[in-house]
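Undergrad: Could you have a look at this structure, given as structure tokens, before my questions?
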């Protein structure tokens, strides 16, 4: 039988084959080469910015397109800022600077007017962690009379800690800041973990031990309430409603909760010169993370990934988890061998997932598949970026401190107006089980903030 194949059909077949060849060979990663790593992450960042509004006509600087929320932007910029430092690549330096500054809010506390009605404690906390990265990496401080990045993180800390609620569940932050938002009666781990980590990092950076005391208070509460269970492979659960005194805990585990707690513990270990208490807790949390979130040493979101149920939020979680693993390996060097192996294996698999899309370097969700699994989006790009760039975490200086290379300008009173009490003006001596002093301060501050919130309703 003679088959007639037209020239047009032959060309079509050739183009299809070439496209397939390009896509399946798009990202060859050499995990020992900075050039290879940074070339790969440059492609991935380009894919992230396909979703960015800030460079479009009429778009909002510092925001990504729907369905991505404000906190996703904070998480994404945290990864891009690390790439700026680790790869020494200033391609997006101006974009990052403009984005971080555009979303500060008029009080420079990361409560911008465009988020006033919907922002939660976790949202503000994620941005606070990102800006703390700017502090520790000596990202160019704002000029023109604006506060430094350090002052902005201190404002985030002061405003978050002012919401500490001792009346329900013995302490802790609620998920939401404002009463009208769904979830106001839920106290979640991520909000409190963000406060814990920010306090730990501020304590290490500034040398002010009051921050460390607050960090210890927050971590003790997470353990006391049962959100963090310090068995040999520790659990970090999601949260609970105050209606049950936080006893009916949502026992779902996510990479970002583990990661943010892990990072906070690593900073506490470092800031206290390797105190055994923090080493023990850190070891248990790391054991839990390794047990729950790695399959064949490849990172995965165990609560949803195998079931195909990961939502937009959950598809971003591995990004901040990867960042925290990298920072932990620096802040607590005894964890380095374990973490480096996990990052290397996961980075290799993540790179292989970045062979999708028409560009040939769109990343996927399930790295175990060793190729793109059909998922794509900002979260997939963010996660691949962070795990791959953390191959370089030991090739650059450790996060700076105020007395060791840090340059950002601070203000311990940032975020607090004249009618509120700054927690750092009181040399708190917070012990486990002794919350009275903090409760009094919190009550004073909450009365002012509540008055402001009531005014906003009219």
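Each residue's number is its place along the chain shown, starting with 1.
Placement of Cβ uses the backbone N, Cα and C atoms for every residue, glycine included.
Quick caveat, the model's predicted, so the values are computed rather than measured.
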Undergrad: Check each of the ranges 379-398, 399-418, 419-438 against Swiss-Prot and return the one annotated as region 'Disordered'.
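TA: The listed stretch tagged region 'Disordered' in Swiss-Prot is 399-418.
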Undergrad: Where does residue 270 (N-linked glycosylation site) sit in the DSSP three-state scheme?
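TA: The three-state answer is helix.
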Undergrad: Given residue 417 (N-linked glycosylation site) and residue 138 (N-linked glycosylation site), what distance in Å do their CA atoms have, once rounded to a whole number?
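TA: The separation of the Cα atoms works out to 27 Å.
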Undergrad: Please list the DSSP helix, strand and coil residue counts for the region 'Disordered' (399-418).
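TA: Its residues fall into 0 helix, 3 strand, 17 coil.
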Undergrad: Can you name the far-off residues of the same chain, 6+ from the ends of the region 'Disordered' (399-418), with a Cβ under 8 Å from a Cβ of it?
TA: 107-109, 133-138, 141, 147-152, 154-159, 162, 201, 204-208, 327, 330-331, 424-425, 445, 448
Undergrad: I'd like the Cβ neighbour count for residue 208 (N-linked glycosylation site), meaning other Cβ atoms within 10 Å of its Cβ, all protein chains included.
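TA: For residue 208 (N-linked glycosylation site), the 10 Å Cβ neighbour count is 18.
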